[in-house]
Amino acid sequence: MKPASRLFYLSLFALWSPEAQCKSDESCAISPKAIVSDACASYSTLEQLNRDIKPALEDLTRTTDFFSHYRLNLFNKECPFWNDENGMCGNIACAVETLDNEEDIPEVWRAKELGKLEGPRAKHPGKSVQKEEPKRPLQGKLGEDVGESCVVEYDDECDDRDYCVPDDEGASSKGDYVSLLRNPERFTGYAGDGAKQVWDAIYRENCFQKSSFPKSASLGDTYSVPKNPAAQDFRAVMQAAGRQHMLEQQREQNPLVPFVTKTGLESEDECLEKRVFYKIVSGMHASISTHLCWDFLNQTTGQWQPNLSCYINRLHKFPERISNLYFNYALLTRAVAKLGPYLSSHEEYTFCTGDPAQDADTRAKVLAVTSKAANTVPGPVFDESIMFKNGEGPSLKEDFRNRFRNISRLMDCVGCDKCRLWGKLQTAGYGTALKVLFEFANNDTSATSSETDEIPFKLKRTELVALFNTYARLSSSLDAIQKFRAMVEESEEGQQPQSHEQIEGSENSGAHHIPDRAKKPRHVIVPTPDAADHAEASDTNTATTAVDEAKAAGVTPAPKVEHQQQVEVDNNDDDDDDDEFHEFQRQPQQPDTDPNFVYKKRTLKDDFENEFRAVFAAFKLVIRSYLNLPALIYEITITELKRFWQFYVGLPVMPRTWEFRRPSLDEL
C-alpha cells in the first residue's frame with residue numbers, strides 16, 4: 001500500500017501547488033536555462049552552439065558544389081496514398097488559382113510561379129556515360145563552373161537500414177539534379193486542403209498504436225526494483241498535470257486541437273522512442289513554418305520580408321512547437337558530430353573523385369562543421385544510446401523506421417515543386433540522422449573494427465547532402481526564432497509606454513475611479529424658469545468674463561442654454577442587466593418644439609399614469625422571467641450533464657455558463 005498512498009499524496013500536493021508566475025506562457029515554456037525535453041542541453045546552450053556553427057555551416061552549403069546540388073525524382077512519382085486529382089485541392093489548379101485576389105497579383109508573384117523550380121536541371125547519367133566521361137558525366141548541363149564529379153552520385157544501391165525511401169528505388173527515371181541555392185525554401189503560396197491533407201496524414205496516419213507486446217518491456221532483462229520510486233511517481237504526476245493544463249489552454253484557443261488520447265503521440269507517458277518520433281515530425285513542421293514566415297512574400301509590394309503575424313499565429317502561441325524545433329537541432333547536432341570521424345580521412349570518403357582540390361576544400365569545410373558540433377559543447381546534446389534498449393526494442397525500431405518511411409513517401413503527395421523538393425530533402429536529412437544515430441556503431445571500445453570500416457559506405461551522396469542541408473535549415477530556423485522573439489518583445493514594449501502615458505495623463509487631469517453606483521441613471525432637477533432668470537441675471541458679469549477669457553485662450557466657449565429642462569443623465573453603461581429596467585423607469589416631461597415651452601404643474605392623473613406604467617413594466621419583467629425559467633433550467637441541466645460526461649471520460653471540463661450570486665447594492 002505504500003506506493004498507492006505515496007502516489008495519492010504526491011497527486012494531492014501537485015494539484016494544490018500554485019501555478020508559476022511568468023510574464024507569459026512562452027517565457028515559462030522556453031526558459032534559457034531550461035533543458036530541452038528529451039535532450040541533454042538547455043535552450044541557451046543550443047543557441048550558443050548555433051551561433052558558433054552557423055557561419056561554417058552556411059559556408060559549406062553555399063560555396064561547395066557537393067552540398068549545393070541535390071538529386072531527386074521530383075516529377076515521375078505519383079502519390080501512393082490517394083488520388084492526386086481528388087486529394088490535391090491545395091495544388092496550383094485548385095486552392096491557389098481560385099483565390100479571389102490571385103488575378104490582382106502580378107504573375108511573377110503568384111503561387112504557380114513561386115512554386116516552380118529555378119535554375120538548370122540535369123538528368124542522372126547512365127553507367128556507360130559515367131565511364132566514358134568521368135570528369136563531366138552531366139556534360140555541362142548544370143553550368144561550366146560546376147564540378148560535376150562533386151555532384152553526380154555513383155552508388156545507386158539501397159540499404160534496408162534506410163529510414164527513408166530512396167528516390168531512385170523502383171523508378172523509371174533516375175531523377176534530376178537541381179540547385180538548392182536557386183530554389184530557396186520560402187513562401188510559395190501553397191496552401192489549402194491539399195497541404196492540410198498531407199500534414200494530417202503525417203500526424204495521424206503515422207502515429208504509434210498501443211504496444212503489441214504490453215509485457216515485453218522486461219523480456220531479456222533481469223527483474224530489478226526501480227530506483228527512487230517516489231521521485232518517479234512525483235515526476236509522472238507533475239508531467240501529467242502540466243500536459244493537462246497545456247492541453248486545456250490549447251483547446252481554449254483552438255477547439256480543434258486533438259486530445260492526447262486520440263493521437264497517442266503528444267503524451268509524455270509514452271516511451272521515449274515514440275516521443276522522439278513525434279518531436280521530429282513536429283519540429284520539422286515548425287522549422288518549415290519558420291522559414292515561410294521569415295522569408296514571406298508581400299504579394300502587394302513584391303518584397304520578401306519577415307511576417308511577424310505569421311510567426312505569432314503559427315509558432316509563438318505554441319511554445320511546444322518551438323521546443324520540438326530545438327530538440328531536432330540537438331538531434332542533428334549529435335548525428336553530425338558522430339559522423340565526423342568517418343569523414344575525416346580521404347580513404348574513408350571521397351567527395352569529388354575528379355577534382356582533388358575541390359575534394360580537399362569540401363573535406364575541410366565538412367570537418368569544420370563536424371568538429372564544432374562535437375567540441376563546442378562538453379558532452380553530447382542528445383543521448384541515443386538509451387533508445388531501443390528494452391525487450392521491445394528491435395520490433396519498435398522496425399516500426400519506427402517503417403513509419404518514417406511512410407512520411408518520406410507522403411512527400412510525393414505535395415503539389416508544389418519547391419515544397420516537394422524541400423520536403424523530400426528534409427525527410428531524407430532526418431532519415432539520415434536517424435540512420436547515423438541508431439544504425440552506426442558508437443565510438444567506444446565495444447565497436448569492432450569491421451563495424452567501423454563498413455559504416456561510411458552505407459551513406460550515399462544524397463544522404464550527406466540532405467543531412468547537412470537539413471542541419472543548415474534548422475540553424476536558420478533557430479536564428480529566425482530568436483529574431484522573431486526580439487521583434488515580439490519590441491512590439492510589446494512599444495505598446496507599453498503608450499498605455500503608461502495614458503494612465504499618467506488621466507491621473508494628472510484629475511480623473512478618478514467612478515463607482516458603479518454613481519454611473520446609474522439620475523434625475524437632475526432643474527430650477528424653475530423664474531429662479532433660472534434670477535440666477536442668470538446675477539451671474540451675467542461672471543459669465544461674460546469667462547467667455548472673454550476663453551476666447552483669449554483660443555478656446556471656443558460652449559453655447560448658451562436658453563431653456564434648461566428636467567433631463568435624465570445616462571452614461572450608456574454596458575451593463576445588460578440595467579437595460580431591461582429602463583422601460584419602467586419614470587420618464588420626465590419632455591419639452592415641445594415650441595421655444596416658449598413652460599413646464600406644467602404635475603397633476604394627480606399624471607402621477608397615477610406614471611406609476612401605473614412603472615408597475616406594469618415590472619409585472620411584465622417578472623412574468624417574462626417565470627416563462628423563461630423552464631428553458632433556463634433545461635439549459636443548465638444540459639450544461640451540467642455535458643460537464644459530468646467530460647469529467648467522467650477524462651476530458652477537459654468546459655466552464656459553466658451560469659452562476660449563483662447575491663445582487664449588489666446597485667441592483668437592489
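Numbers run from 1 along the shown chain.
Yeah, the Cβs are placed from backbone N, Cα and C, and that goes for glycine too.
Disulfide pairing as given by Swiss-Prot: among Cys28, Cys40, Cys79, Cys413 connects to Cys79. For Asn298 (N-linked glycosylation site) paired with Arg186 (FAD binding site), the C-alpha to C-alpha distance reads 12 Å. For Arg186 (FAD binding site), the nearest of the recorded positions Cys79, Asn406, Cys419 in terms of C-alpha separation is Cys419. With Arg186, Thr188, Trp199, Ser282, His285, Arg314 listed as the residues that bind FAD, the site has a largest C-alpha separation of 21 Å. Cys416 (active site, nucleophile) has Thr188 nearby among the recorded positions Thr188, Trp199, Ser282, His285, Asn406, counting only those with a Cα within 10 angstroms of its own Cα. Cα spacing between Thr188 (FAD binding site) and Cys419 (disulfide bond): 8 Å, rounded to the nearest whole number.
Annotation note: Asn307 (N-linked glycosylation site) sits in a coil segment as assigned by DSSP. When the recorded positions Asn307, Cys352, Asn406 are compared by Cα distance to Trp199 (FAD binding site), the shortest distance belongs to Asn406. Contacts of Arg314 (FAD binding site) defined by a Cβ separation under 8 A and a same-chain sequence distance of 6+ are given as Ser289, Cys293, Arg321, in order along the sequence.
Comparing C-alpha positions, Asn406 (N-linked glycosylation site) sits nearest to Cys79 among the recorded positions Cys79, Ser282, His285, Asn307, Cys352.
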